[in-house]
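Asks: Per TrEMBL, the feature Mg(2+) binding site maps to 52, 91, 123. The 3-methyl-2-oxobutanoate binding site feature in TrEMBL is assigned to 52, 53, 91, 121. Feature annotation from TrEMBL assigns active site, proton acceptor to 190.
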Ligand code: KIV
């Protein structure tokens, strides 16, 4: 029996901290809807992220910027209704926290009240520390997100690896310490050199979850639609595809169309 199957109790921020302490890796995936969240939870994933990547994979936008707080709440509540075991984290969307800690708090409170999720995630370091501190003061657990932060894509201008230069790497390390000091329970590090991510994970006592950040961190996260091969257009080096659901679904739909056209479906047993 796997370690995940053995642990049936609800995953909390405390459990994640114990996992880091015990050197047990944390498995995190995104989900945005009831049906897939149910499968992912029952498969034993530790953390489910209702990511603002819903803007890309669910709504078809090019960036994560357009998704709204109401839309994130809709996705979050759908996921929470499906989940028994995993810790559920809901992304705070662009424009609902940056530069205004009062608004950040009211956005986070809406997410917690209207989705019943376990925590929120937001992007950035020193610039958002005041917002994080205010959210934490209301008893809401916060996950940080550093490195490639997609809500800042217009500032970066590209989705390439971040913090390769010394100055940016130094700021990332400082930001990670700051997020830990203010009280974040974990941090996602996206698309940064593996050596840098490993250093951050070794220096910090809170769990560090990587995406495109190598294996020296405390856990990994992937976008569900990417790792299942539903999304064919996105092929970064860090992505491992565990299935080709695009081909499977397309084949099944093709068979259905053929059966309808040939009047093979429905047959006598499939009608009243
Ligand atoms: O929105 C998202 O899916 C994320 C992950 C890439 C970490 O933030």
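Cβ from N, Cα, C; glycine included.
TrEMBL does not curate its annotations; it predicts them automatically.
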Asks: With the Cβ atom as the reference point and anything under 6 Å counting, tell me which of the binding-site residues (53, 91, 121, 123) are near ligand 1.
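Replies: Result: 53, 91.
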Asks: At its widest, how many Å does the recorded 3-methyl-2-oxobutanoate site span between Cα atoms of 52, 53, 91, 121?
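Replies: The 3-methyl-2-oxobutanoate-binding residues span at most 12 Å between Cα atoms.
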Asks: Using the centroid of the Cβ atoms of 52, 53, 91, 121 as reference, list every other same-chain residue with Cβ within 8 Å of it (recorded 3-methyl-2-oxobutanoate site), in sequence order.
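Replies: Apart from 52, 53, 91, 121, the close residues are 30, 49, 50, 51, 54, 64, 72, 90, 92, 93, 145.
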Asks: I need the nearest neighbour of the residue listed as 'active site, proton acceptor' among the binding-site residues 52, 91, 121, 123, using C-alpha distances.
Replies: 123
Asks: Tally every other Cβ atom lying within 10 Å of the Cβ atom of residue 52 (Mg(2+) binding site).
Replies: 27
Asks: Do you know offhand how many angstrom separate residue 123 (Mg(2+) binding site) and residue 53 (3-methyl-2-oxobutanoate binding site) by C-alpha?
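Replies: Here the two Cα atoms lie 13 Å apart.
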Asks: Enumerate same-chain residues with a sequence separation of six or more from residue 53 (3-methyl-2-oxobutanoate binding site) and a Cβ-Cβ distance below 8 A; give 'none' if the list is empty.
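Replies: Sequence-distant Cβ neighbours: 30, 64, 91, 150, 223.
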Asks: Sort out for me which one of 91, 123, 190 has the most neighbouring CB atoms within 10 A, since those are the recorded positions we care about.
Replies: 91
Asks: Using Cβ-Cβ distances, find the residues under 8 Å from residue 121 (3-methyl-2-oxobutanoate binding site) that belong to the same chain and are at least 6 apart in sequence, listing them in sequence order.
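Replies: When sequence neighbours closer than 6 are ignored, residue 121 (3-methyl-2-oxobutanoate binding site) has 49, 89, 90, 91, 92, 142, 143, 144, 145, 188 within Cβ distance under 8 Å.
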Asks: Which secondary structure state does DSSP assign to the residue listed as 'active site, proton acceptor', in the simple three-class scheme?
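Replies: For the residue listed as 'active site, proton acceptor' - judged by DSSP and reduced to three states - the answer is strand.
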